[in-house]
Amino acid sequence: QISWTLLLVLGYLFYLLLGTMVFQLLEKQAETHFRDQFQLEKLKFLQNYTCLDRQALEQFVQVLMEAWEKGINPEGNSTNPSNWDFSNSFFFAGTVVTTIGCGNLSPSTVAGQIFCVFYALFGVPLNLAYLNQLGKGLNAHLITLERWVQKPGRAEVQLAMFLTTGTLLFLVFPPLVFSYVEGWSYGEGFYFTFITLSTIGFGDYVVGTNPNKHYIPVYRSLTVIWNVFGLAWLALVFNVGADLMEKFLQLKWHKPDLSLAEGPTTKLEDEPEQPRIHIPS
């Protein structure tokens, strides 16, 4: 058991270090280029508008940064739709309870910040309970489907159907919609879709924030509904991935116990104790 735990810890640290090196290799040079380009644009701006000095320009940039941090898009004018109308507030409430936290919008008043803390305190457990119940329903459907498909390798069939259907509904088709509505490329839409459903939520891509586009009132609300069901599906996918990875590593690290080889197969004939998808050995 100690060896297995040590292997898992070392593998986890190695994966973090691998991501660190790859992200640094891919992003650091691009960041330097964008920083130099931004400084060059500021110099050109000062040359074109000689009535301004560098200090005045830096103060204006600071005003823009503060506006962006408070969720106000510097583009456009005062006729831009409010960030706190019903649809946007519903979207924000969804990002709080699902722990996505897009990062482009947050309460600016003390009362709003205090309410957000208590709202999340009760909302996050409620969301977890809801996702758990939804996961039980999906798992029960998968068990029923597996019993219906009376063929050799039926577990692989139902798992493939589950992954294929969910991938189409939550990862393949939504980027097409986001690309059309937001003007993103398909790759950007897919990136936003996965980052959102996995609750990573960087906030670099957020739906319904372009002041030059006119969105239907329920656009962001529909996004929240898609998000909730997609979260449940992707959580089950991550659960399957964790089971597969754990089983693979244990088979590599420990000798299999032949006396327990038929245990998982016979258990499928009864009602499962936990909402977990069966992974065929």
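Glycine residues also receive a Cβ, built from the backbone N, Cα and C atoms like all the rest.
Quantities reported herein were computed from a predicted structural model and do not represent experimental measurements.
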For the transmembrane segment entry in TrEMBL, name the matching range from 115-135, 157-177.
157-177
Same-chain residues at least 6 beyond the ends of the transmembrane segment (219-242) whose Cβ lies under 8 Å from its Cβ atoms:
87-88, 90-91, 94, 98, 100, 130-131, 134-135, 138-139, 159, 162-163, 166, 169-170, 174, 181, 193, 196-199, 207-208, 276-277, 279
